[in-house]
Amino acid sequence: MALKSKPGIMNITPGSKISVIRSKRVIQANTISSCDIIISDGKISSVLAWGKHVTSGAKLLDVGDLVVMAGIIDPHVHVNEPGRTDWEGYRTATLAAAAGGITAIVDMPLNSLPPTTSVTNFHTKLQAAKRQCYVDVAFWGGVIPDNQVELIPMLQAGVAGFKCFLINSGVPEFPHVSVTDLHTAMSELQGTNSVLLFHAELEIAKPAPEIGDSTLYQTFLDSRPDDMEIAAVQLVADLCQQYKVRCHIVHLSSAQSLTIIRKAKEAGAPLTVETTHHYLSLSSEHIPPGATYFKCCPPVRGHRNKEALWNALLQGHIDMVVSDHSPCTPDLKLLKEGDYMKAWGGISSLQFGLPLFWTSARTRGFSLTDVSQLLSSNTAKLCGLGIVKEPLKWVMMLIWSSGILTKSFRCKKMIFITRISSPHIWDSFFKEKSWLLLFEGLLFISKGSMLPNQLENLFLYTLWSLVKPVHPVHPIIRKNLPHI
């Protein structure tokens, strides 16, 4: 008997096995159409015209006008396990991701102990993640001074690419690189089709600023001016054009860097750029004194800058939107002192990215296909998961409501799933949404309820890359990692 004979999701429960999904709004590439999606053995076997699938006994999920798209892939998540699991761990991070419609994350190489800067450390990370993940997980490696001999072995072990800092990272075990280090690393990566991610801020020669009131956000903002990003982005653009190694600028904050980015792309540089939900949602003018949970690096800038980022995103100069989910324990935020200059920088938004983005994007000329492109397709291409997670091929689907809702809600701590929450940041920012997640044909999450045994249905992705030629293959490690 079909699970549902009429549109709706109210009676579907986690654990239900679905064989047909029917929707009037299925996103495939740049099109939206009415379809019946046929699922067999955890894969989509065919996509038929709406209402054409009439097989007796099919377990049909008819979602009516709800949007069906490939799950969101977030390539910028700091999980911090092992070593700093009290900041964030695989279990809580991946549960939060699932609650936000994210079906895969890519773990950043720093803030865990050890960092992912060697093959040995990478395997330590894999062990820590074993049987803890509620969504698929891939991993970035790290580039630090003098670890160039580890880069190709880490690629062969399965990292999705690499991340480096051009400025102090905040943790001693992940030092920033020099220009000389970058030449060495990029020489190693030539011909691999790997990607190098840059935290793009550079220390610049500037007069020592007057010491202002450290509880005022403007004091912190003045300490990280646009010029630091501009200088770093110019360096990345130059190196990208010189070596023809894929380069990616993470968490772009300053819209003043966009001219450099546009010119580099026009010149043929293999350069991509991301910005974050907090840069698109927050403005420095509205950050109160002492509210250090708003601190991140690069900083949230002014309203005009925010609107320029939105415009660049609409024009295609920025390629994707990510969370840069980077929690820490409350003591490191120095909430009592309210000291922006000394507090740890990082914002938690992992489970709220989709409603944050769509609530603002739909008023600025963005379409539903843009949502899929910016939050799923382009992020998959960046980290190589497009190889194994082609949209609507594997059943890692998100079903959600894009309608205009009149009910806004305040972001209370109780709805946060991440280990450390900052509910005040997202108060009144978005409208309530409901969604379902389908993993390999099995309904995992429905309106907040989760399937408890989801841990056995997932992959840790290790993406093999050979130096000459590059030959990426499918993920080779099941979630239970039996041979590690």
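Placement of Cβ uses the backbone N, Cα and C atoms for every residue, glycine included.
According to Swiss-Prot, the feature Zn(2+) 1 binding site maps to H76, H78, K163, D324, an assignment based on similarity to another entry. The secondary structure of H76 (Zn(2+) 1 binding site), as reduced to three states from DSSP, is extended strand.
In sequence order, M108, P109, L110, W140, G141, G142, V143, L196, L197, F198, H199, V250 are the residues of the chain that are 6 or more apart from K163 (Zn(2+) 1 binding site) and have a CB within less than 8 Å of its CB. DSSP gives K163 (Zn(2+) 1 binding site) a strand state. According to Swiss-Prot, the feature Zn(2+) 2 binding site maps to K163, H199, H251, an assignment based on similarity to another entry.
Residues or ranges marked as N6-carboxylysine by Swiss-Prot: K163.
H78 (Zn(2+) 1 binding site) and H251 (Zn(2+) 2 binding site) have their C-alpha atoms 13 Å apart, to the nearest angstrom. Across the binding-site residues listed here (H76, H199, H251), the residue whose Cβ sits among the most other Cβ atoms within 10 Å is H76. Close to the recorded Zn(2+) 1 site, the chain also has P75, V77, M108, W140, V250, H251, V322, H325, S326: residues not among H76, H78, K163, D324 whose Cβ is within 8 Å of the site's Cβ mean position. Distance between Cα atoms for D324 (Zn(2+) 1 binding site) and H251 (Zn(2+) 2 binding site): 7 Å, as a whole number.
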